[in-house]
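Asker: Take a look at the following structure, please.
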Amino acid sequence: MKDSGDSKDQQLMVALRVRPISVAELEEGATLIAHKVDEQIVVLMDPTEDPDDILRAHRSREKSYLFDVAFDFTATQEMVYQATTKTLIEGVISGYNATVFAYGPTGCGKTYTMLGTDHEPGIYVRTLNDLFRAIEETSNDMEYEVSMSYLEIYNEMIRDLLNPSLGYLELREDSKGVIQVAGITEVSTINAKEIMQLLMKGNRQRTQEPTAANQTSSRSHAVLQVAVRQRSRVKNILQEVRQGRLFMIDLAGSERASQTQNRGQRMKEGAHINRSLLALGNCINALSDKSSNKYINYRDSKLTRLLKDSLGGNSRTVMIAHISPASSAFEESRNTLTYAGRAKNIKTRVKQNLLSVSYHIAQYTSIIADLRGEIQRLKCKIDEQAGRGQARGRLERGDIRHIQAEVQLHSGQGEQAEMRQLREQLISAFQEQMDVRRRLLELENRAMEVQIDTSRHLLTIAGWEHEKSRRALKWREEQRKESYTKDDSEKDSDTGDDQPDMLEPPEVASARESIAALAGEQKKLHKQKVSRVWGAAGGVRPGSSGYTCCVTLLSSLTSLCLICLICKMGAVMLQPSWGRWEDFQRLQNSTLPPLSTESEAHRMFKASPGAWQVKSSSVPTPPPIQISSLVTQEGPPQDSLGSRIISSPDSSENLSEVPLSCKERKEILTGTKCILVKAARRRSQALGPEGCHLLAPATEHSSLSLHSLSEAEDAQPPGPLACKRPPSPMLQHTAREDNLSSSTGEAPSQAVEHRSDGPRPWPRGQKKSLGKKREESLEAKRRKRRSRSFEVMGQGLSRPKTHLLGPCPTEGMSDHRMPVCGHPAPGIRHLGKITLPLAKVRFPPSQNTGPGDPSRPAIPPNPAGTSPRVTRGPHLPHGTSTHGKDGRIRHN
Ligand SMILES: Nc1ncnc2c1ncn2[C@@H]1O[C@H](COP(=O)(O)OP(=O)(O)OP(=O)(O)O)[C@@H](O)[C@H]1O
């Protein structure tokens, strides 16, 4: 260990404090002779000067003294501490020595300044408080060791005030000249409170005796020493240790024997006090004389030996001189001021007590142990702080939970019952809704079954009508052949021959009856569904908006189902083998396969050569079949229901020659047209904008109104497009309405007329002339018919058209011409046109018979010439069916 650090000269600081004049002094008649002129100057008046003394007339009666700082009776303890001692604390911590001592005559306030009272603590207490506060502030980086000792020099003997039992102690000087008190008690602590308790204990041990000058006169010099060792917490091979010492000395007061009136022990004490103070004065004189190189005799007294460093060595020293302002203490005050003034010239050489400690490698283990201990200490500190934070957090969370629980308890009691009630109501409403849905599904299932049965019966009836028409045609052919061989008279006589009646098969009659029953059931189911929806809607009444919504919903569903049914029926009827009675028989005995998926429907259409005509891409769901007209309308007589079915492609033109069949067919077509238009409208309404958007590609072609249909019929070249033009692959289900409607009106005749012109487009300008020709031809045919000729009168269909179609479906539905999803209906009229070729095209008689006519399938003859009853079904001769390029069926 070695000392290091630079030294510098430090002037001794001298402060003067003038205490208040005491009551005793006032009683003695003393006057104030010490006055503070400014912060540094004090004037002392000489009370003994006689103004009448001529010899001293020109001498000044007052003398001024300059100090570093001066205090009078107005100064507080804090002011004295701040101005004298506080600045020393930082130096002590940094390794500098410092000394504060109170000097002055007895009873002038030295003990008051240094020790103070309980209410006005002195420099001891204030200094220690600030010292430990400064150590605490830098303790994270620096490690401190603080030790304290408290002694008195009484009668030139040193006593340990912290442990008086130790007896008198000796002063020793080490090799470096540092004065040490051998065996003194040094209490190491960094607790300021503990040091203060020790200080109080030591003061009680200090020798105080009342004298005439001071009731609490200190008969000894008290020395409080505080040593501070500071080192960095960062361990290194070279460790710096800074050691500073602070001396705070309360000297005993110089006294005069006459003043103290001491006798005996008190006089002896005073002698020792004065001797030590004299030695101190001599040292101060010697130290303050800059010019002289006098020997400083510190060894004259233990006080000067102890204050060796403080006076002339390595220390920042502050001397606080005390005087009484009373005129009675003029001599003591003047001497004190003189000594204090001299001390002001004393300079000390101050240097930092810096000790460099180089550790041996063997000491590393202890250093490591110290470091580990330090790490452990820091960990404990962190854990302690974290635990404190967690405890605080738990406390806060506990408070929050407690508050929440209270809030829930108070506010939730009323709301819980209400919430429970609402929940029960919600659950019951949900269950009721599910029940209604289930019942509706059951009704839907039943309605689907009814629809399937109805469609099956309708197919049966349609098959029979077809067969009947075919037999009638065959019979007329035979009759015409026979008529060529007979003369006119025989012809006239044969005009009364009618076509033999064909007995209706029992299954057809049964189908008609079943259809009637099923229609009633359909109606009943529909009413039930509507009532269910009303109930589910919570009391929706007819005529209200809710009612409209319900009906719309149901209608939309049923319309979709209907569309599926018609597509399916169309696909079946366009089978190559369709038109034979056995096909109807086969279909009658089999249930309609449901179009469960779009792919299935696609397969079905593909399987048929004519499937492209009816392929519907917009109906992917299984078709719950429902014919609205049978349910929602008071339909035509049930016996005509069979005639509503779409005619067989092969026989449609021949059917027109049968008045009753033609009428029925028109009714069927009209009714179907009405249904389809309604279905399309309801589907559009049900789907709404979103559905329209989704179905836009399809509806663009399938949206249809009668108006658009009629326009289409007018604008579109009928015959060739219907018969020979390759069909569009984008055929839609509703496009069949176009076909159906055209089959009931002028289009067929136009097609017939146009057929002779080849596949050129139909010119609009020729329509009127063609109409005229058609009328003429019709008239001629009538005449022929009256003359018992058997020419086919396919054009006669145009006559009942206005009667059948006029008011009811066409005009009525023309109001429903609506653009679906914003797409105008006319834009789709050329697309998706399903052509049932033979139902649309009427052939003139001259062309009907030619088997080689490619535009029309030849009607297979009945070589057996049997009656319809005998020849129906499997007995009908037929060749191999082939398909023309226009998709129509040919029988070879
Ligand atoms: N500044 C002051 N303000 C008020 N009272 C004071 C002041 N200074 C001293 N006194 C009072 O004067 C009396 C004597 O003071 P004190 O004992 O401190 O003198 P002293 O110099 O220590 O005497 P001694 O040398 O005999 O110990 C005390 O009662 C003290 O309360």
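Just so it is clear, glycine is given a Cβ too, placed from its N, Cα and C backbone atoms.
Curation does not apply to TrEMBL; its annotations are automatic.
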Asker: Quick one: which of 165-192, 277-304, 361-388 does TrEMBL have down as coiled coil?
Answerer: 361-388
Asker: Give the helix, strand or coil assignment DSSP yields for T111 (ATP binding site).
Answerer: helix
Asker: Ranking the binding-site residues P105, G107 by other Cβ atoms within 10 Å, which is at the bottom?
Answerer: P105
Asker: What does DSSP say about P105 (ATP binding site): helix, strand or coil?
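Answerer: Once the DSSP labels are grouped into three classes, P105 (ATP binding site) ends up as strand.
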Asker: Using a 6 Å cut-off on Cβ distance, which of the binding-site residues P105, G107, K110 come close to any atom of ligand 1?
Answerer: G107, K110
Asker: Give me the sequence-ordered set of same-chain residues, not including G104, P105, T106, G107, C108, G109, K110, T111, with a C-beta within 8 angstroms of the centroid of the ATP site's C-beta atoms.
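Answerer: Here the nearby residues are R19, A102, Y112, N214, G253, H322, S324.
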Asker: Counting other CB atoms within 10 A of each CB, which of the binding-site residues G104, G109 comes out lowest?
Answerer: G109
Asker: List every residue in the same chain as C108 (ATP binding site), at least 6 positions away in sequence, whose Cβ is under 8 Å from its Cβ.
Answerer: R19, G253, H322, I323, S324, A329, E332, T336
